[in-house]
Amino acid sequence: MRGRMKTLSEIKEILRKHKKELKENYKVKSIAIFGSYARGEQKETSDIDIMVEFYETPDYLKFFELEDYLENILNIKVDLITKNSI
């Protein structure tokens, strides 16, 4: 799954390019990156921590489909949480 380690700017650009799909297919209202990538401390082995807020709360299947979708477009292991879970 891993390629060259992406910068935070590259990750944000990828997410921007997929904004329409994220909103239409997964009802994503907002996305925030936190953890090592947000602090600029990521390593080759780091996953990316993403917090998502939804327009409509998804069922578990749709939530994990979103996590898989993000991993595929970013080519990085994603640790996904919801805004309501913190």
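All residue numbers here begin at 1 and follow the chain in the order shown.
Note: Cβ is positioned from N, Cα and C throughout, glycine not excepted.
Since we're looking at a predicted model, the values are computed, not measured.
Annotated features, as they stand in Swiss-Prot:
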- Asp47, Asp49: Mg(2+) 2 binding site (BINDING)
- Asp47, Asp49, Asp79: Mg(2+) 1 binding site (BINDING)
- 35-49: motif 'GSX(10)DXD motif' (MOTIF)
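Shown here: features listed in Swiss-Prot, placed on the structure.
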residue : record                : CB count, 10 Å
Asp47   : Mg(2+) 2 binding site : 15
Asp49   : Mg(2+) 2 binding site : 16
Asp79   : Mg(2+) 1 binding site : 14
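Asp49 (Mg(2+) 2 binding site) sits 5 Å from Asp79 (Mg(2+) 1 binding site), taking the Cα positions as reference.
Assigned with DSSP, the residues of the motif 'GSX(10)DXD motif' (35-49) fall into helix, strand and coil as follows: 4 helix, 2 strand, 9 coil. Across the structure, Asp79 (Mg(2+) 1 binding site) and Asp47 (Mg(2+) 2 binding site) are spaced 7 Å apart at their Cα atoms. Shown in sequence order, Gly35, Ser46, Ile48, Ile50, Lys77, Val78, Leu80 are the same-chain residues outside Asp47, Asp49, Asp79 whose Cβ sits within 8 Å of the Cβ centre of the Mg(2+) 1 site.
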